[in-house]
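Asker: Quick one: structure below, then a few questions.
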Amino acid sequence: MADKSSESSIQNGRAEDPDPGEGSGSEGGASGSVQGQTHTDTAPADTPPFPEGHAPGTERTRHQREEEEDEEDTDSMDSSGLYSLTEEGERGSEGGRGGERQRRAKESEGRKRRRERERPGGGTTRGSSSSDEDEEEEEEEELDEEEDEQAMEAWLGAELRELAVPSWRAVPSLRAREIGRGAQFVKRVCGARGLVQRLELQARLERHTGCVNTLHFNPSGTRLASGSDDLRVVIWDWARRRAELEFDSGHKSNVFQAKFLPHSGDSTLAMCARDGQIRVAELSATQRCKNTKRVAQHKGAAHKLALEPDSPCSFLSAGEDAVVFGIDLRLDRPATKLVVVKEGDKKVGLYTIFVNPANTHHFAVGGRDQYVRIYDQRKINENDNNGVLKKFCPSHLVSSESKTNITCLVYSHDGTELLASYNDEDIYLFNSQHSDGADYCRRYKGHRNNATVKGVNFFGPCSEFVVSGSDCGHIYLWDKQSARVVQYMEGDKGGVVNCLEPHPHLPGLATSGLDHDVKLWAPTAETPTSLKGLKEVMKKNKRERDEDSVRHGDQYDTQLLWFLMRHMRHRRPQRTRGGGTGDGDTDDSWSSADSSDEEDMGPDHVQCMSS
């Protein structure tokens, strides 16, 4: 190949622009020398043998000089070729990039096997020394690293759009409000990119003694509820940075969610936990908890509750037993089984549920497979498509061999969009109005969702941004339309950010994770973020994800872990309430439960004292 490139270089270069003082005979001699031919009959007929006064040694020296120049031309052509291939690779699809990475990995493995066979004593005897082999290995490793870096850059730049020009300007908006034209002032401010890029840490709320798993503002935004692994719930006056109420949730394991029911005067709080119980706390106006009572029981962990925006007494729950309960606190038997989520004949354990705010009959669920499922409460027929109204999934995950789960999903403010976060994958935006089986509209990447059941949310009054935590301890905010990161902040020293709760009316944010505190964020920075170090962190997250996907094995089932945890806990003395002995927590209590009147899972009612 090098000989042909040199010949082409000579024909295209020196044939058109020969060196001054060199005739056609020299040109022919150079061509023959480059091709390494020894037969004189291949030279042109009019080319004489060595001219008088030119010794063969002199001619070879000139030919060697021309060969070196030709090699320089060849290298420059190869460099331009590599550059054009890289550009083409960056424009390729994700599937093409994946195949290219696999091809490079196979080639690298093949080179290593050849080196093993060619080493002395391992097959073919070679004259090269071990130092030469080490140099070859280093060169190939550098080449692999360069190719990986190019592939990483292509991945980061794929599926992105240009950021739109900011639509909100501070000074004109303030001037318009002063003359009575600022009816949409607060709404536009809360959705402004300039404020999102100025978010910074304001305060830490410290009261819990375990990881904080849930945060929820009341409808007016004046109070914040938090729940923790310490089995306690705290109601915060977040503006004054103080706890107004702290009480025992009544749960036996990690509290996963605690939410104020709307239009209840902040007097009713719904809770769920790893023990599968759904409990309701009654709060008084004197800042004390009257009691908590169990209203439903799942056979596995219950991670999420879904509130109906205008209902103070009804909500939904989803559990790892694949069951969705509808709970109406006005009934004697509050819990009604709405559906058992299945794929074919196999149950699908659930991690998340959300009610469409624009059509409260519709709710979406996600869990231990790759599908977002939408149901209509008015017409769930499990004999017809298992009761599913619509299913969405990214097209490349439909037949994927990797075990992807949906850890969290949420509807947008108007119910037209659905956001789903996949474990060890990316975040995907779906149009909820599209037909069954439609592909995603946007993709948000760069974070890492592996270590915990991680949340995702919209940010802004019109869902202008997407916000998520990450295993790297950072908080990411993407512009929804362009899918570009516009803000990232260090959100957890423990390394994982799980929960993100935007304020309902202000451009603020509450977050929590493995740390035992709640962090409050507000747009008070003098200058917008510079996103320093963002690309390196995103690349690191991607590499770790790829490495884990290569060596992933069967993961422990959550139910098995929960069983082992309960077994270990019951070997210790039980915590007592009021001097009595706590009831045992056995598998018998996990039988079918459509209401709270079935087998005991512990005390149904717990009297709460103010903190």
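Keep in mind that glycine also has a Cβ here, set from the backbone N, Cα and C atoms.
Residues annotated as region 'Disordered' in TrEMBL: 1-150, 532-552, 571-611. As annotated by TrEMBL, compositional bias 'Gly residues' applies to 22-31. Sequence annotations record features per position, and here TrEMBL assigns compositional bias 'Basic and acidic residues' to 57-66, 88-110, 533-552. The compositional bias 'Acidic residues' annotation in TrEMBL covers 67-76, 131-150. Feature annotation from TrEMBL assigns repeat 'WD' to 205-237.
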Asker: Average the per-residue pLDDT over the repeat 'WD' (205-237) and send me the rounded value.
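Answerer: Over the repeat 'WD' (205-237), the predicted model scores a mean pLDDT of 95.
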Asker: Same chain only, please: residues at least 6 beyond the ends of the repeat 'WD' (205-237) with a C-beta under 8 Å from a C-beta of the stretch. Say none if there are none.
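Answerer: Those are 243-249, 251-260, 262-263, 266, 269, 271, 273, 281, 283, 287, 494, 498-501, 503-506, 510-520, in sequence order.
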Asker: What are the DSSP helix, strand and coil residue counts for the repeat 'WD' (205-237)?
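Answerer: Its residues fall into 0 helix, 19 strand, 14 coil.
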Asker: As a quick check of your reading of DSSP, tell me how many residues in the region 'Disordered' (532-552) are helical, how many are strand and how many are coil.
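Answerer: Residue counts for the region 'Disordered' (532-552) by secondary structure: 18 helix, 0 strand, 3 coil.
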Asker: Taking helix as H, G and I and strand as E and B in DSSP, count the residues of the compositional bias 'Acidic residues' (131-150) in helix, strand and coil.
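Answerer: Result for the compositional bias 'Acidic residues' (131-150), in helix, strand, coil order: 20 helix, 0 strand, 0 coil.
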